[in-house]
Amino acid sequence: MAPRIERHTGPEEDREEEIHSHQSPSVSGDDDGVEISERPPKRRRLSDSESSEDDPFVPQQPLPTLSRIKKKSDLSAAKGPDRNADQPDPVTAKDAFAMGLQSMDSSFSSLGLAPWLVGSLSAMAIRRPTAIQRACIPEILKGRDCIGGSRTGSGKTVAFAAPILHRWSEDPFGIFAVVLTPTRELALQIFEQFKAISAPQSLKPVLITGGSEMRPQAIALSTRPHVVIATPGRLADHIKTSGQDTIYGLNRVRMVVLDEADRLLASGPGSMLPDVETCLSALPPSTSRQTLLFTATVTQEVRALKSMPRPKDRLPIFVTEISTENNTTIPPTLKQCYLQVPMTHREAFLHVLLSTDANSSKPAIIFCNRTKTADLLDRLLRRLGHRVTSLHSLLPQSERTSNLARFRASAARLLVATDVAARGLDIPSVGLVVNFDVPRNPDDYIHRVGRTARAGREGEAITLVGQRDVQLVLAIEERVGRQMVAWEEEGVSIEGRIVRGGLLKDVGGAKREALGEIEEGRDVLGRRVRKLKKTR
């Protein structure tokens, strides 16, 4: 193509036309002020006589833009290849039914659960049933009463929640099921699990526990929720004091669950059995309902229920106790240790133990036998620089809930607790359990150490042993069928660190400050509060 010629006739036209930097440079002539451009510029009509057979029109390239708004294709190209391109999208609750239909050959489907329920469990990454779930779910779906025993962390909640939701979805009405559990924290956890599993459906669960106002709970009960999760004491209070309109729906309950049945049916001081009997009195008789009992430690009181007389038209009670390959009641992935300490310096030994290289980053639960000890340790460890919170029965319910939420969210690394945290709580991140006080009952030890090494994970339990605790340790070893080993860490001498580092003085000063704060009636943040009262 011939180069285009542009002539300048006026003085102002002697200026060279501005050329964009991205276009090729022009070649200028010296004779007639002629500029020869090697690239096709924007076409300009010079005269009426210009032939229509001029060079074809070539559009000018757009100017570079400063806008930060880019096309999606440009953004994808800039980011490069997607590393997760081969991975499936996250499963939402809306996809649960379709997921269940596509997974009819899965293990949960073979147990007889509805497709929507199988899909919902898959959305929660629960795809393979555990031994207790494989044993109990089919029998519960047949309508049999059930007594299920399995060690901690084996999935007992799903073992009764899944069949309850399956049968409820077939005939949803009123108060379909009641779940009784000994602690508020465990009741809250079960309540949240029911909501999560039933997300594709319109289940209405309600939580009835102490520490909260009774009026809103009574209103919630009167609206006929589908599932009631409660502690026996508070539900018994409603049965005794609330009107008949509030508890009327309880007389049509189809299914009843006693979770941690060994604790609910235990007799003696602090027994919950009277409250449990009050709750059961408001429900249909045992011949008209299905009763499910689950526990990690099957006691004689629980086993005795198997031999109770039953009508001829009722199926026999299904009883299963899931044993492991080594026939123990604690996970095989749990390492049990003991550490001998002088009774007068237990706090200093605990402080150094939690500060070693192996334990300094582990989320841990520290169990005490008394609420006053737990309160003191919370204040003392806080002064020694640990991120700590507490959980015991003297705290208001709002504080108990918030403290547990902080620990779950890793805002606090240590949780100082009494046995209210020993049962049922599922916090997978816990890697260490410390028994500051040796439990008096070996079954309590089983529940305490069961807060770690859950679902096949590894965990460690360390028990601080004084001179008077030897017989308790021997009883625990006989109960669990395994011996504890002496705790040790390479290159670490706790006694040496305490002596050389002068930690006894630091810990002693922190303890005096904590005791003074308690005497003044202040909380862990130094605020003056009223004396805490224990509520049901």
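Cβ from N, Cα, C; glycine included.
The compositional bias 'Basic and acidic residues' annotation in Swiss-Prot covers 1-21.
Residues annotated as region 'Disordered' in Swiss-Prot: 1-91.
The motif 'Q motif' feature in Swiss-Prot is assigned to 106-134. The average pLDDT computed for the motif 'Q motif' (106-134) is 92.
Marked as domain 'Helicase ATP-binding' by Swiss-Prot on the basis of sequence analysis: 137-316.
DSSP gives T152 (ATP binding site) a coil state; it is part of no helix or strand. Summarising the environment of T152 (ATP binding site), the number of other Cβ atoms within 10 Å of its Cβ, over all protein chains shown, is 25. Per Swiss-Prot, the feature ATP binding site maps to S150, R151, T152, G153, S154, G155, K156, T157; the stated evidence is sequence analysis.
The motif 'DEAD box' annotation in Swiss-Prot covers 259-262.
The domain 'Helicase C-terminal' annotation in Swiss-Prot covers 348-498.
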Distant-in-sequence neighbours of the motif 'DEAD box' (259-262), which means Cβ under 8 A and at least six residues beyond its ends: 147, 156-157, 160, 179-182, 186, 190, 293-299, 301-302, 423-424, 443
Other residues, Cβ within 8 Å of S150, R151, T152, G153, S154, G155, K156, T157 Cβ centroid (ATP site): T130, I132, A296
Helix, strand and coil residues within the motif 'DEAD box' (259-262) as assigned by DSSP: 2 helix, 1 strand, 1 coil
Largest tally of Cβ atoms lying within 10 Å of a Cβ, found at which of the binding-site residues G153, G155: G153
T157 (ATP binding site) - helix vs strand vs coil (DSSP): helix
DSSP residue counts for the motif 'Q motif' (106-134), split into helix, strand and coil: 17 helix, 0 strand, 12 coil
